[in-house]
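Got a structure for you, questions after.
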Amino acid sequence: MAAAMIWWPRFLLLLCLTCKGSTFYVPGVAPINFHQNDPVEIKAVKLTSSRTQLPYEYYSLPFCQPIKITYKAENLGEVLRGDRIVNTPFQVLMNSEKKCEVLCNQSNKPITLTVEQSRLVAERITEEYYVHLIADNLPVATRLELYSSNRDSDDKKKEKDVQFEHGYRLGFTDVNKIYLHNHLSFILYYHREDMEEDQEHTYRVVRFEVIPQSIRLEDLKTGEKSSCTLPEGANSLPQEIDPTKENQLYFTYSVHWEESDIKWASRWDTYLTMSDVQIHWFSIINSVVVVFFLSGILSMIIIRTLRKDIANYNKEDDIEDTMEESGWKLVHGDVFRPPQYPMILSSLLGSGIQLFCMILIVIFVAMLGMLSPSSRGALMTTACFLFMFMGVFGGFSAGRLYRTLKGHRWKKGAFCTATLYPGVVFGICFVLNCFIWGKHSSGAVPFPTMVALLCMWFGISLPLVYLGYYFGFRKQPYDNPVRTNQIPRQIPEQRWYMNRFVGILMAGILPFGAMFIELFFIFSAIWENQFYYLFGFLFLVFIILVVSCSQISIVMVYFQLCAEDYRWWWRNFLVSGGSAFYVLVYAIFYFVNKLDIVEFIPSLLYFGYTTLMVLSFWLLTGTIGFYAAYMFVRKIYAAVKID
């Protein structure tokens, strides 16, 4: 015990040092060196809104188009995220300034938006859509300068806090009028690479910013060869979009280059440090202290109580008194009695093992920086393939447990393991995808991708689950330390606090308390289009979650056995996943207080994906708690003498 107390602080220190470099990453692509006046291609990714949760491709709106539209070949993760990367008509040359340039200019005539196009643009603006562009694979960001008073200074000067917003707003509304950002001022930062004297200088793009502006048609002066002149100062009025009639306007842009000391390897730091790290650190450390303090108290109570019980029980002259005062030893002949529906239980636990292995590897690899943010969709692609290949471990654990529970139909059990949880996920996603298709969103998974996912499921995951299940079922079952009686013991009437739902509420508080702060950042990344790359923090929280779920599960099964209720298999699995109930409650709170979603389909998408998240989290935490409790039960009954 003393050795463990010495080891834990060292382990936490190591994890904290790992979290210190939580924004470290290994660049996923090789740097591109540009020479003077080399073209720097600007591509469009998609349009997003936190109000609708429906991404659209760039040319779903009447933007200016190049002569030939070319879409980038995308990986699985990009397709599932709704990315549709396409070229744009912006002409940008390395370290070459442009004061004002008109897009899709035909004989200096403005673009005319039809009534239908005007209504669509106005609708997207009122839905607060953002436009996402990339240059040299670097996403565009809008600089936000926030001012806060400095209390330490006597004159209380305002300090400027610079933050960045992903993408730029399509437009804005003011006094029931709708305005479009039709002029983009691009600011690109480059880093000059050190070269030998006889070689030409090369440049690398290290930041991509934009200042969106709305400029009325009458205030723009156009010249020859697509040039234009911007109005000076605040003399211009914004470009209004009237959804009830045709609108004429220009799409214009300007390019400004600035040299930067930021090196290419650190160019993503601007995007990955947008959250308040101090609050994040404080919350994480607070969770660590509280969780380990409470877990330590619970562990000490259980260990001391068990040591006393086992010592008394092993005294031959005191057996009768001990049997009367201690309940968990009275059910030794029934504690390993197989539960109802062992096939379903083992199948769910097998899927939980799949999830656990997948999540552990993904977080660990991302923490090491191997899933670079420049490799778009790499995280989701890796997670999908890992879940498929982890089927062999899920099948093995499910097969061995099923045999331990006296199961005989291993082929049916393997099929259940391979299809139960993935089938529910696929079914919900397919229904949601139909609604997304109906809205013509780029977030809809294309039919070929759907077929590819089915092929991965039945061509990779299912055979691997069968393979693992076969070897797991053939392996020697878990050795239970006591024999099971032929006649089941009568279970006494249970007190109210031993109710299953009460147990779920009690057991879920501690694991949820360990992760609810991190859950806020994850929800912000998913539903508000923010970057999330604090995988060092996430790995630490995951370890705390595993420890807290295990210890709470042990405490709950101990109290249940003390109440002479040996039906712990299903109950422990459900109770250990109790934190999923609090995740659901938090998701509802987040929906009501943080998001401005009012339409039916966005609400359906939110709660549909939330259902999948809660189900997966329940499987994960339930599996962790179940195996911890199973090891605990086998350990304590192996420590007592049974005649």
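Glycine too: its Cβ is placed from the backbone N, Cα and C atoms.
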Identify whether VAL206 and ARG489 belong to the same side of the membrane as annotated by Swiss-Prot.
no
Within this structure, do the transmembrane segment (600-620) and the transmembrane segment (503-523) have 3 or more Cβ pairs under 8 angstroms, counting pairs 6 or more apart in sequence?
no
Just to confirm my parser: what is the rounded mean pLDDT across the topological domain 'Extracellular' (24-282)?
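PLDDT averaged over the stretch: 84.
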For the transmembrane segment (378-398), what are the same-chain contacts with Cβ under 8 Å, counting residues 6+ beyond its ends?
28, 75-77, 80-81, 346-347, 349-355, 357-358, 361-362, 365-366, 371-372, 413-414, 417-418, 453, 456-457, 460-462, 464-472, 475
So how many of the residues in the topological domain 'Cytoplasmic' (558-571) end up helix, strand or coil by DSSP?
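Output for the topological domain 'Cytoplasmic' (558-571) reads 8 helix, 0 strand, 6 coil.
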Cβ under 8 Å to the transmembrane segment (418-438), counting only same-chain residues 6 or more beyond its ends: which ones?
54, 344, 347-348, 351, 354, 391, 395, 444-445, 450, 453-454, 457, 461-462, 465-466, 601, 604-605, 608-609, 611-612, 615-616, 619
In terms of Cβ proximity under 8 Å, which residues at least six beyond the ends of the topological domain 'Extracellular' (593-599) contact it?
50-53, 128, 523, 527-528, 606
